[in-house]
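Worksheet for the structure shown next.
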Amino acid sequence: MTSSKIVLYLCLSFIGGIFISSLLVVPKLIIGELFVLGVFYSLFFLKQRPILVFGICLIILAFGILRYQITLNNFENAELRNFIDFSKPIKILAEVIKEPDVRENNINLTVRIEELLINKIGIPMEGKILVTTSRYPEYQYGDRLKIIGSLKDPPIFGDFSYKDYLRKDGILAIMFYPEISQKPAESGSPSAFYGRILSFKNKLREAVNQSLSPPQSSILAAVILGDKRNISEEWKDKLNRTGLRHLTAVSGMHIVILTSILMSFLIAIGFWRGQAFYLTVGFIFLYILMIGFQPSAVRAAIMAGLFLSAQKVGRVSYSQRAVIFAGALMLAQNPFLLKNDVGFQLSFLAVMGIIYLFSIFQRWLKFIPQDKYLNLKNILSMTFSAQVFTLPILIYNFGYLSLVSPLTNILIVPLLPFIMVSGFIFSLVGIFWQFLGWLLSFPAWLLLTYLTKIIDWFYCLPFASLEFKISWQWVLIFYLILGYFVWRLKEKERWKFLDF
């Protein structure tokens, strides 16, 4: 048993512990028994490696269960929660720690509380809350605010728990339309520096809006900036029903496309592969900063970084272990992601799909010619691999199946690199010279107009999508069948190689 396999089993044990604890309240007695059994096997079977590893896995499983329970207990018993539904409005000093989420009629501010003011006395307090207020005046990342209002517990809407949804972001309570007075951020602070980066993003957004009109402008802003605020509900539904909503979320596919384009470009202009690798990682980090550290993009960047690292050291075959290790690290930092963050589930499954099915789809799509720069076959193989692995989770959470998704993805996904490159070029130029940016926006406008026409046409088909719900048992059955299917295909692939 190799060291990398042992690490894999330990990571899976930790993830399993968090999974069990997120579904069941595990008694302390059982956790203690797992720990004692693990110590017993580890101490008395030191020379029998499989049993030793099994014992350590039991200990790690117990730690996974404990990690979730302790984090949940700390969340539920946070001091700030004592002021939910308080008898009178409370006063707090807080800082905006996330780019404001601007909606059509209001704005959501994620703020970190610094002090609670009671009888003009400041009491140090920690915790994050979500504040819903009017769109104006405008607020920015890093703003320091004095807020007067009533804290509320996030509600439950039928099967959807808003409290669980916000828990993954560490948000303890919500507040609706409080009184807000603003204080300037301290100059030179990290928030002021990051605010300048977000200011640059706003300039890119303005350049897009000046050169294009909706829905082209709103779709492009989502594709290159991760900004979905201006996509109308009508277009969100169209993207969902045609299986193209993933285009508007900066995800693994976007990051991989960017890394591929950057790597190819840097190598083409004379950089060594090692130099191109480090420069690409640096550019991707700056890009993630610019789009506001969106969780989906951060996860995608981590996965892409692992994939690039595997390529660099020549160990692509071990990439699935690296991804599981990364997933375990993310869950160690925030165990609520596994149950409450659909984005985490989709990101993880999408990457696993690419790892296990990418080569299979490449073989099925061998009729597509290989291209040095665009590599259409790779893009389609990656898209279909990810979609197969994420399909059950999408149906379980959103209750529909897009029947036209394979065809719409074939018609549109190959154009995504061109949309991204042309969009970045004209928006960057448009910051400094609006007229030239407008002239350079024509290729992006043409591609986006084609995209919207395709979406409109397929959306109008009566069989575009089916609405139905599935239980978690069907999700489990699907993944068991999929696992068997992948195993059989991989075995067949291995025997073909041996026969050769």
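Any Cβ shown, glycine's included, is placed from N, Cα and C.
Here TrEMBL flags 34-182 as domain 'DUF4131'. Residue counts for the domain 'DUF4131' (34-182) under DSSP, helix first, then strand, then coil, are 50 helix, 56 strand, 43 coil.
Positions annotated as domain 'ComEC/Rec2-related protein' by TrEMBL: 224-489.
For the transmembrane segment (7-31), same-chain residues at least 6 beyond its ends with a Cβ under 8 Å from one of its own Cβ atoms are 53, 56-58, 60-69, 321, 324-325, 327-328, 331-332, 335-336, 338-339. As annotated by TrEMBL, transmembrane segment applies to 7-31 (among others).
Sequence-remote contacts of a segment are chain residues at least 6 beyond its ends whose Cβ falls under 8 Å from one of its Cβ atoms, and for the transmembrane segment (51-70) they are 1, 6, 9-10, 13-22, 26, 31-32, 34-35, 37-43, 45, 332, 335. The transmembrane segment annotation in TrEMBL covers 51-70 (among others).
If you look up TrEMBL, you'll see 247-272 (among others) marked as transmembrane segment.
Positions annotated as transmembrane segment by TrEMBL: 284-310 (among others).
Annotation source TrEMBL lists transmembrane segment at 344-365 (among others).
A Cβ distance under 8 Å defines the sequence-distant neighbours of the transmembrane segment (377-398), meaning residues of its chain 6+ beyond its ends; these are 240, 243, 246, 252-253, 256-257, 260, 342, 345-346, 349-354, 356-358, 360-362, 365-366, 368-371, 405-406, 409-410, 413-414, 416-417, 468-472, 474-475, 478-479, 482. Annotated transmembrane segment per TrEMBL: 377-398 (among others), in sequence order.
When Cβ-Cβ distances below 8 Å are used as the criterion, the transmembrane segment (410-433) is approached by residues 203-204, 207-208, 210-211, 220, 223-224, 244, 247, 253-254, 257-258, 260-261, 374, 376, 379-380, 383, 440-441, 443-444, 447-448, 450-451, 454-455 of the same chain, each at least six residues removed from its ends. Sequence annotations record features per position, and here TrEMBL assigns transmembrane segment to 410-433 (among others).
The transmembrane segment annotation in TrEMBL covers 445-464 (among others).
Cβ atoms under 8 Å from those of the transmembrane segment (470-487) belong to residues 356-357, 360, 388-389, 391-393, 395-396 of the same chain, restricted to positions at least 6 beyond its ends. Taken from TrEMBL, the feature transmembrane segment covers 470-487 (among others).
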Do any residues, 6 or more residues outside the transmembrane segment (445-464), come within under 8 Å Cβ-to-Cβ of it, and if so which ones?
211-212, 215-216, 219-220, 238-239, 241-242, 244, 402-404, 407-408, 411-412, 415, 418-419, 422
